[in-house]
Amino acid sequence: MPIDTFDAIVVGAGQAGPAIAARCHREGLRTAVIERAEFGGTCVNDGCIPTKTLVASARAIHLARRGEEFGFATGRLRVDFARVMARKEAVVAQSREGVEQWMRGLDKVEVILGEARFVAPGRLRVGERELRAPRIFLNVGARAARPPLDGIDRVPTLDNHSILRLDTLPRHLVIIGGSYIGLEFAQVMRRFGAKVTVVEKSARLLPREDEDVAQAIREILEREGVRFELGAECIALAPRQSGIAVGARCERRPPRLVGSHVLLAVGRQPNTEGLNLGVAGIETDPRGYIRVDEQCRTSAEGVWAVGECNGRGAFTHTAWNDHEVVVANLFDQDPRRLSDRVEAYALYTDPPLGRVGLAEAKARESGRPLLRATLPMHRVGRAREAGETQGLMKAVVDAQTRQLLGASLLGYRCDEAVHGLLDLMSLKQPVDGLIRSMPIHPTVSELLPTLLQALQPVKD
Ligand SMILES: Cc1cc2nc3c(=O)[nH]c(=O)nc-3n(C[C@H](O)[C@H](O)[C@H](O)COP(=O)(O)OP(=O)(O)OC[C@H]3O[C@@H](n4cnc5c(N)ncnc54)[C@H](O)[C@@H]3O)c2cc1C
Ligand SMILES: NC(=O)c1ccc[n+]([C@@H]2O[C@H](COP(=O)([O-])OP(=O)(O)OC[C@H]3O[C@@H](n4cnc5c(N)ncnc54)[C@H](O)[C@@H]3O)[C@@H](O)[C@H]2O)c1
């Protein structure tokens, strides 16, 4: 078989790969982009974009239900799930087509459809073709983990891919996993009218967040009718005439919970097992994530791993930042590092949770003297005006350096407001400059100086 030689190969057209391919094109490198499924990967097709589009529909419906509070009457609301999903698909298709057209429009880039796997160091096979390049960028992403639950192969289950392709609303959705994916779907589906139960093996939701924050999110969702089974051990699934029985306790008696659908939302696993990485000398960790250094270089010369498959971030912005780090080092003589970035993300429940840096519990583990401040969202004028007073803001600061260590902002528009604190941390500035700033009124961000003015030493 003749081997086709490229200057660069990108495997996976997710969040980092296409941007790297575009930069290779600008550098005059003949580049192959190999994609086995849909352009744009998880974020565009199965993750951020479809879920946030559904969050927007769910919020519109929720606000319409609250019409009396705002001074209007709608009569009885009827949710048309098919139209909600069609709207979602239109937004997704626009992004997916945008990525594909972008790649196909670059004359130095060849798009190859198919699944790539290594056959030798620096050499990949896709279908009938064999390709090689001195630079290979792996951007293969991750997929929903399938836990070895008792009975899981005897019942149909959903994951983040298949739930986004339903054409009718589940009557009773049981969600296994009470973390980011589970909670976003829980609220959305509840607002569309489904009965929703979340089954979580930990004693509380969102094990990576602070307990007070997780509890506040739980209360917000419970007020809307989402039910929770926490500390659920021995989860077992079984077919029933009326749906799927979910046993959530180590009990002998028959399970009480019967759902029409079960969604698995218990974490992710990298798409690395089919790549034949061993033959190319590319090391993985015990969970299958590709080991990389601070520039996303793998253990094999000339091979980089970017995005979720390198285990250094599970977000679109971390994948995009990986691309920036790689091209800065390769083409711009700019020694950017993965460790330069400040961890930040949002959970898109409504209201959202904006997070930056360490949670308070993690900051306490560091043993350093801390300052802490909290502020309930009902103190925020903009939130009161909007009738959105649920949630709280919390910041943790190093008492000696006065640098912000982390913040959790749960409330109206907090996914945006948290960027003021992210900027402060990225610029490595103490909190005092922000405390003395003059924010715009009325905004949610105007309360950030007020929050920081309330810092007090953490005693215990
Ligand atoms: C429900 C859900 C909601 C989310 N919401 C958010 C959010 O709001 N904000 C956020 O920042 N993140 C969110 N995420 C996470 C985010 O979607 C991912 O972290 C991000 O998409 C990862 O991008 P990536 O480039 O690493 O991989 P992906 O986008 O998964 O791309 C990998 C691509 O590689 C292809 N591929 C894999 N193997 C091969 C192969 N052997 N040959 C050829 N092609 C291959 C795949 O088909 C895929 O297209 C969400 C995730 C989920 C599941
Ligand atoms: N807004 C966002 O940015 C966003 C939204 C959704 C997902 N994501 C990304 O996707 C990743 C995966 O999210 P996720 O929620 O699937 O996973 P996760 O790893 O965040 O949480 C998994 C949850 O499932 C629970 N769990 C694990 N095994 C279980 C079992 N057998 N039975 C019951 N519960 C079990 C865990 O205790 C945990 O609460 C996130 O880490 C995040 O990076 C991001």
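Using N, Cα and C of the backbone, Cβ positions are placed for all residues, glycine too.
Checking the candidates G105, G267, G274 against TrEMBL: the one annotated together with G177, G178, S179, Y180, I181, G182, L183, E184, E200 at the NAD(+) site is G267. With respect to ligand 1, the recorded positions C48, G177, E200 contribute C48 as residues with a C-beta closer than 6 angstroms to one of its atoms, given in sequence order.
Considering only the binding-site residues K52, G177, L183, E200, the residue whose Cα is spatially closest to the Cα of H441 (active site, proton acceptor) is K52. Helix, strand and coil counts from DSSP across the domain 'Pyridine nucleotide-disulphide oxidoreductase dimerisation' (346-450) read 35 helix, 30 strand, 40 coil.
With a cut-off of under 6 Å between the Cβ and any atom of ligand 2, the recorded positions C43, K52, S179, L183 reduce to S179. Considering only the recorded positions C48, I181, L183, the Cβ with the fewest other Cβ atoms within 10 Å is that of C48.
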